[in-house]
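TrEMBL lists 33-53, 264-286, 293-317, 329-347, 367-386, 398-421, 486-506, 687-705, 712-732, 738-763, 775-801, 813-836 with the feature transmembrane segment. Per TrEMBL, the feature domain 'SSD' maps to 264-421.
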Amino acid sequence: MPLNMAGCTTDCVEKPISICFQKFGRFVGTYPWWFFISPLLISAVLGSGFYFLEDREANDIEDQFTPVNGPAKLERQFVQQNFPQNDSVFSNQRLYTDGVYASFIAVSRSSNILTDAAFQEIVTLHRKVKELNVSMGHEVLTFEGLCARRYKKCIPNKILDIYKYYGNNLETTELTFPFFRFGFSYIFLGYSVGGVNINSSVIKSAKAVRLFYFLKEDNRSRTDLWLNEFLKVFPSNLSLNFIKVTHSTSLSRQVEFEANTKDVIPLFSITYVIAIAFSILSCLRFDCVRNKAWVATFGVFSAGLAVLSSFGMMLHIGVPFVMTVANSPFLILGIGVDDMFILISCWQQTSVHDRVETRLSNTYKEAAISITITTLTDVLAFYIGLMTPFRSVRSFCLYTSTSILFCYIYSITFFGAFLVLNGRRENSNKHWLTCKEVPEECPVGQSKWYELCCVGGAYDPHTGREEVQPMNHFFKKYYGPFLTKSWTKVFVIVLYCIYLIISIYGCFQIQEGIDLRNLAADDSYVVKYYDNEKAYFSEYGPNIMVVIRREFPYWDEKYMSDLETCIEDFKNLSFIEKDIFTSWIKSYKHYGYHTKLNLSTEDVFKDNLGTFLRFYSDFKQDVNFTNNSIYASRFFIQTVNISTALDEMNMLNNLRETAQKCPVPLLVYHPAFIYHDQYAVIVSNTIQNIGVTTAVMLLISLLLIPNPLCSLWVTFSIASVIVGVTGFMALWDVNLDTISMIILVVCIGFSVDFSAHISYAFVSNKKPSANEKAVEALFSLGYPILQGAVSTILGVVVLSASKNYIFRTFFKIMFLVIFFGLFHGLTFIPVFLTFFDMCSGTPAKNKSGPEEQDMKNRHTNNIQSKAKDGELKVWEIYDNHTFQPDNHRTCQSQPCSAIWMITGNNHHVQDNQMCMASTIPMFRVDSQTYEVHMYTPSDDGMLRVTCPSKQCSEVQNCLLGNSNHIQESNVPTPNGSDLSIL
């Protein structure tokens with residue numbers, strides 16, 4: 001027996017909201033000019049906030065794209081406090097920041113750069129760099145005046161010293177790698193010579209040479225001037241025959257990142273033109289009165305006002321404007337246009353004969369819940385995104401959520417008011433362009449062109465509504481019935497399984513973290529530099545400092561044994577070079593051995609430490625030896641083969657795990673860890689945001705969609721789309737980083753949009769079967785959803801042409817979100833809903849016997865009538881009603897086989913009598929011609945039909961209406977054979 005799910009509805013929230021919006025729609029329809037002008041004035045006032053745009057820009061990469069209070073930032077603070085830099089003895093190995101520098105990489109055009117010809121060109125460039133100068137007021141800033149120094153000399157590039165010493169013989173000199181003994185010291189060539197071909201530690205050939213020019217950090221304004229001059233003039237127009245050069249500075253990444261905003265401004269203009277063009281084309285009608293071209297234009301304009309108002313308000317408040325926020329207008333445009341199409345669709349379902357305020361009232365009643373659900377889900381998804389530790393994500397979410405709120409407000413005020421104004425024009429049958437009144441019917445003798453351009457105001461005479469658009473017919477007559485066929489459903493299920501398998505596979509292929517090179521444009525000089533750096537200098541990675549962060553008895557052999565064990569654990573890591581290890585304690589013990597000091601006692605250890613540190617000034621920067629106590633110290637280990645984001649993540653995690661396992665209190669640090677910290681939080685934070693947002697979406701769906709089971713389907717759609725987007729974005733070479741994390745949160749909102757529209761339409765329509773509900777839902781909202789999806793994709797498609805990774809990533813993920821969300825909304829969800837007719841808000845029919853059950857299972861209702869000769873004749877009536885045999889007698893009288901009755905709902909049948917609502921037509925079918933003769937009972941009258949046949953001559957059969965008295969009807973009385981249906 002079918003379940004009656006009528007009690008399983010949750011419209012206690014949905015119904016009051018619909019009523020409130022219905023009243024609000026009437027209010028807007030009564031005073032449209034107030035609601036049309038007010039948003040314009042509000043936007044003008046709030047838009048003045050753009051005056052502060054330059055002051056609010058916050059594009060510092062470290063501040064915006066690294067976790068707030070990340071572990072590396074706390075580690076850097078500890079290092080900075082305990083190991084301050086000594087500018088007189090500069091050591092880039094001991095920097096706690098990236099440093100201030102300029103650099104260039106020379107790549108040989110041949111197989112070997114270690115030639116005299118190549119080095120002559122390198123030396124020429126080197127000389128040009130050292131001769132660079134820039135004026136600052138009356139002062140001339142030169143490299144010699146700004147360079148970082150060691151023993152009062154600028155930090156040299158040792159490879160040039162080697163070339164200067166060997167000259168033409170460099171090519172035949174046996175340079176060992178990575179260390180080369182030069183004079184009385186060993187020089188590390190791992191950062192200077194790249195792409196090496198080695199035989200027994202001797203370099204046979206090398207492909208590239210890298211030079212650094214370090215500057216002092218004490219006055220950044222002076223050094224920044226010189227670095228900017230370096231970027232302007234380097235490389236020069238020198239003719240380089242043997243080498244190719246790429247260059248960069250410590251400022252380059254930041255400068256190139258900030259330059260990306262210039263790339264998006266023209267794209268935004270193109271997007272609005274595309275959106276307006278698409279909206280107008282979608283709303284064009286071959287009726288010069290019903291044409292919605294102006295409605296579409298003002299719908300897009302409404303979204304623009306929302307961006308202006310929200311951004312202006314945020315800038316007035318003082319919210320930082322990060323470059324990621326520049327993606328937001330593209331998103332808002334799609335959302336605003338989506339709401340516009342929904343409202344237009346509902347407006348077209350209202351009667352053209354009603355007053356405009358009534359039409360808007362009914363429009364809001366039907367559309368309010370749908371656009372409210374999508375707005376709430378989108379806004380809450382972005383507000384939940386504020387929990388992320390990335391400031392760039394926070395700014396994006398704050399700007400975008402506020403924009404969506406304004407977009408929603410302006411849709412039901414500004415846009416709704418324009419619908420009313422446009423409706424008044426239509427009621428007057430005025431031309432959409434000239435506003436001149438035109439005839440409803442084409443005068444005799446006029447051409448087709450005249451009829452097309454100068455005749456309008458047509459509507460469906462049967463429904464009183466605007467004529468249904470071809471695409472709506474497509475969804476009802478073709479796509480809907482096709483989708484609800486049994487074999488199509490099987491195919492859809494198989495297709496979904498394939499989609500899910502590929503998506504899950506992709507989820508396991510995803511890479512984490514943002515490559516810093518991607519913060520610059522594709523054609524940027526710094527990208528070429530990073531490419532060469534990765535190609536030729538990735539063998540030796542960052543030199544990591546391991547810090548003993550508390551007082552420690554270095555003289556105690558037992559404790560030192562624990563420390564030595566930890567050092568060995570570090571050296572045993574796969575990415576650590578065992579033979580490259582810098583330690584002050586190792587050198588101090590070597591010093592003690594040669595000076596015959598017993599360093600196993602505390603007094604001797606501390607008394608001689610000061611003398612040792614004065615001789616070895618580098619190590620003095622590695623020990624915080626204050627007031628005869630060692631508060632902290634550090635040593636260094638060398639990483640190798642760190643070239644990918646996965647390598648960086650594994651390096652950071654393994655180093656920190658090794659430090660935590662050590663009984664000695666240790667921390668590991670390198671300036672690059674500030675950026676690598678994203679790996680520690682990106683996955684957990686993404687899962688947290690998605691989990692919380694999905695739970696909130698489920699709650700909203702339960703409250704606003706009047707059926708809990710369908711709310712679960714909406715939640716299922718969210719999870720399914722997220723899995724699909726995550727998996728396919730990995731297969732599309734998009735990493736899980738701060739940019740994609742933002743869009744995955746957006747993904748939740750948009751997946752709700754499509755599924756909520758269809759689910760709500762499915763639940764709220766009154767069709768008797770699940771298949772018919774699915775078709776009706778697609779007929780009502782299939783085309784608006786398709787329009788909204790296409791408009792959103794068009795809103796971001798221009799970003800695919802951007803030269804910037806951030807904008808291209810935004811396009812890729814948004815495309816996946818919209819495409820999969822649309823596919824779920826128009827294909828998967830309608831099919832899945834048909835499997836669960838419990839989502840119906842209409843009570844199921846009770847079984848009355850095998851004859852009725854047989855009629856229920858038919859696609860059309862069979863109406864049977866017995867002729868006088870006993871022959872059974874069948875007519876098919878294509879309507880959504882159930883026809884019952886005459887054993888349900890309309891009156892307490894003897895049965896009359898010639899009379900059949902039609903019911904719209906089982907609740908109308910009580911005590912073997914049927915109350916027929918006045919709105920249900922009654923008719924008879926001529927047995928010869930099969931013509932249908934329609935009759936409509938009066939609202940307060942009773943219809944009584946006399947059966948003249950002998951079989952029921954003594955009985956008067958009646959249909960009970962609204963009156964309490966039986967009255968004679970004026971309906972013609974047919975004979976027994978003709979009277980088939982009433």
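All residue numbers here begin at 1 and follow the chain in the order shown.
Placement of Cβ uses the backbone N, Cα and C atoms for every residue, glycine included.
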Two-stretch contact, the transmembrane segment (486-506) and the transmembrane segment (813-836), at least three Cβ pairs under 8 Å: yes
Contact call for the transmembrane segment (264-286) against the transmembrane segment (293-317), three or more Cβ pairs under 8 Å: yes
Cβ-Cβ under 8 Å with the transmembrane segment (33-53): same-chain residues at least 6 beyond its ends: 302, 305, 308-316, 318, 321, 409-410, 413-414, 416-418, 421
Seg_contact(the transmembrane segment (775-801), the transmembrane segment (687-705)) with at least 3 CB pairs under 8 angstroms, min sep 6: no
